[in-house]
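S.K.: Starting off with a structure, shown below.
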Amino acid sequence: MQYSSILFAVVLIADRIQIFAFFTLPLGFATMNTFKTYSERAARHPNACARALFELMERKQTNLSVAADVTTKKELIAIADGVGPFICVLKTHIDIVEDFDQDLVDQLTQLSKKHDFMIFEDRKFADIGKPNSCISIGNTVKHQYGKGVYKIASWSHITNAHTVPGEGIIHGLRDVGLPLGRGLLLLAEMSSKGALTQGAYTSESVAMARRNQDFVFGFIAQHQMNEHDDEDFVVMAPGVGLDVKGDGLGQQYRTPEQVIKESGCDVIIVGRGIYGNPDQIEYQAKRYRDAGWKAYLERVQK
C-alpha cells in the first residue's frame, strides 16, 4: 500500500508537470533565445525581416502590435496614426475596408515611416501555391499576394499563411515576397475556442518553417515554437487583454505577462482592447505597450 501511494504521488506530480508544460512551453523547453534581448537576437538572426523587426522593437522599446480590424479608410488611418508611436507592427485586414483605394495604401506606408512600424496584412493565405513537383501550375496564391486589387506584397512587410495546402504555399509566396524583403508567418495555433490548429498540424507547421527559414521567420501562435538552441522563431500572439478573459465569439484572452513572460512569445497582438473606445486609443496603446515591455524585461533578466 505504501509503495502504491508513493507511485501514485509520483505519477500525479509528473502529470501536473506535463500540464504546466503544455500551457507554457508545449514543444519541450525554453531555449537560450527565449532569454536573449531583441537586439542580441537581431544580431544573429538568419532572416532579414526578423532582424528588421527585432531592431525596430529594441529601438522603440515596444513589442505591441495593434490589430486594426475596421471597415473604413477613415477609421484605419485614424487608428494607425493614433497608435503608431507605441507599436512595432500594425496588423490589417485590408479586404474588409469598404472604401479601399491606392490612397489608403499610400497613407499607411507614409505612417509606417513616420511612426517607425511595420505593416502586417493578416491575409491568412490558404490557396494553392507551387505543388511539390515544382511544376509551375496552380500558382493562385502568387497572384493573390502580388497582384489583384490589393497588391499586398508591394506594401505589407509581413503576411501569413495556413499550412493546410502543403509546403507549396510557402514556395509560391516566397517567389513574390523574398525579392522584396518580405517575411512570412505560419499559423501554428489560434486563440479561438475549439480551433483545430494543434497537435500534428502544429508540429508539421514548425517542420515546414525549419525548411524555409529564409522567408518564414515565425508563427502566429500561443507559445514559443523553438525546440533547439539554434532556432529563433518569432511568435506573435493574438488574444491578449488586460481587462477581459473572453468575448461572445469564442475569443480567449490572456495578459501580456502570460503571453510574453510565461509562454515565451515575442509580440502581443491587441485589437478592440485598444481602439474599442476612440477617445482612449493613445492611452490604451501606451498601457499595453508598457505592460508588454515590462513582461519582456522580466523574462530576459531572469
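Note that Cβ sites are derived from N, Cα and C of the backbone, with glycine treated the same way.
According to TrEMBL, the protein carries these features:
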type	residues	note
TRANSMEM	6-29	transmembrane segment
DOMAIN	63-286	domain 'Orotidine 5'-phosphate decarboxylase'
BINDING	D69, K91, S191, Q251, G271, R272	substrate binding site
ACT_SITE	D122	active site, for OMPdecase activity
ACT_SITE	K124	active site, for OMPdecase activity
ACT_SITE	D127	active site, for OMPdecase activity
S.K.: Would you count the other C-beta atoms found within 10 angstroms of the C-beta of K124 (active site, for OMPdecase activity) for me?
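M.R.: The Cβ of K124 (active site, for OMPdecase activity) has 14 Cβ neighbours within 10 Å.
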S.K.: Is any of the binding-site residues K91, G271, R272 within 10 Å of D122 (active site, for OMPdecase activity) (Cα-Cα), and if so, which, in sequence order?
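M.R.: So the list reads K91.
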S.K.: Going by DSSP, is R272 (substrate binding site) part of a helix, a strand, or coil?
M.R.: helix
S.K.: Among D69, D122, D127, all listed as recorded positions, which has the most CB atoms within 10 Å of its CB?
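M.R.: Of the recorded positions D69, D122, D127, the most buried by Cβ count within 10 Å is D122.
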S.K.: Under a three-state reduction of DSSP output, how is D69 (substrate binding site) classified: helix, strand, or coil?
M.R.: coil
S.K.: Tally every other Cβ atom lying within 10 Å of the Cβ atom of K91 (substrate binding site).
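M.R.: I count 25 other Cβ atoms within 10 Å of it.
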S.K.: If you count the C-beta atoms lying within 10 Å of each candidate's C-beta, which of the binding-site residues G271, R272 ends up with the smallest number?
M.R.: R272
S.K.: What does the structure give for the C-alpha distance between R272 (substrate binding site) and K124 (active site, for OMPdecase activity)? Integer Å is fine.
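M.R.: So the Cα of K124 (active site, for OMPdecase activity) lies 20 Å away from that of R272 (substrate binding site).
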